[in-house]
C-alpha cells in the first residue's frame, strides 16, 4: 500500500516533468490575436524614401477597414531572420499589393542602418521608423522579426514570430480575406 | 588625517555601489523588477539593458509622472503581453495553486513530523524492567 503511494507520486511528478519538457518556451500567445482585438493604432514618421508616396507620417487608422494589413516589425541588427524574410515579404507584396497593405515597422534601429537594409532588399512597401520601440510594446512584441496580420475589420488575426515564409503569408492572407 | 583616509577608504566603495541610474526614479526600478523583460531569458525589465526593457522603464516613468498607480502600470503591460509579463503569478485560477501548494506541503510536513515524534506510551516490558531495576538494591 505504502509502496503504491510512492510509485504514484513518482509517476505524477515524472508526468508533470515530461509535460513541462514538451512545451516550447518560445511559443507565447499574443493577447491581441487570441482575443482578436482591434489593432492598436499608431502614427509614426515614414522613412525618407517613402515620404513622396505616403506623406510625412503614417497613421494606421487611416488604412484600417479597407484591405487586410500586414505589419512587420524588423531591425537591421536582427540577423539572420530579418534578412531571410525581407525578400519574401517584398516578393509577396509586389504580387498581392492590390489585395493587402504591407507596413514595415523599423524597431529600435539607427536610421542610417535601416536605410541601408531597405536599399539592400529594395523594399517598396511603406516603412515607418520607431527608434524607441513604443509601438512594439503596444503590440506585445517579444523580439524581431514579428509579423501581425490584421483583417478587413481592423482586428488582429494572428501573430507570427520569427522569419515568415510565403506559405504562411498566403495562408493568413486567405484567412484575412475570407 | 589618518582617520579621514581610513573613513574614505571605508566609505568610498559603499558610495560606488551600483544604484539605479540617476535619470529615472527608484520607484520605476521597483515596478520594473516585477515585470519580465520580453526579449530576455529570466531577466526583469529593471536589470536588462535591452532596448525593450529600457523602453518599458521609460513608459513606467512616464505613467508615474502622469499619476498612474502601480496597479494601473502593471495592468497596462498585462493588457499587451498577457499575465506572462508578471513575475508573480496571479493569485487566482490555475496559478493560485503555485501560492497554495507550498503552504499545503508545509502543513503536511508538520502533520507527518508530529505523527512521527508524538509521545508514545513506553512498551510494557520496558516499564517492568525499569521497575525491577529501581527495586534492586544499589550495588
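Each residue, glycine too, has its Cβ placed from N, Cα and C.
Features as listed in TrEMBL:
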- B:27-133: domain 'CcmH/CycL/Ccl2/NrfF N-terminal' (DOMAIN)
- B:1-16: signal peptide (SIGNAL)
- B:96-117: transmembrane segment (TRANSMEM)
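Only residues 6 or more beyond the boundaries of the transmembrane segment (B:96-117), in the same chain, are considered here, and those with a CB under 8 A from a CB of the stretch are 89-90. When the domain 'CcmH/CycL/Ccl2/NrfF N-terminal' (B:27-133) is classified with DSSP, helix, strand and coil residues number 71 helix, 4 strand, 32 coil.
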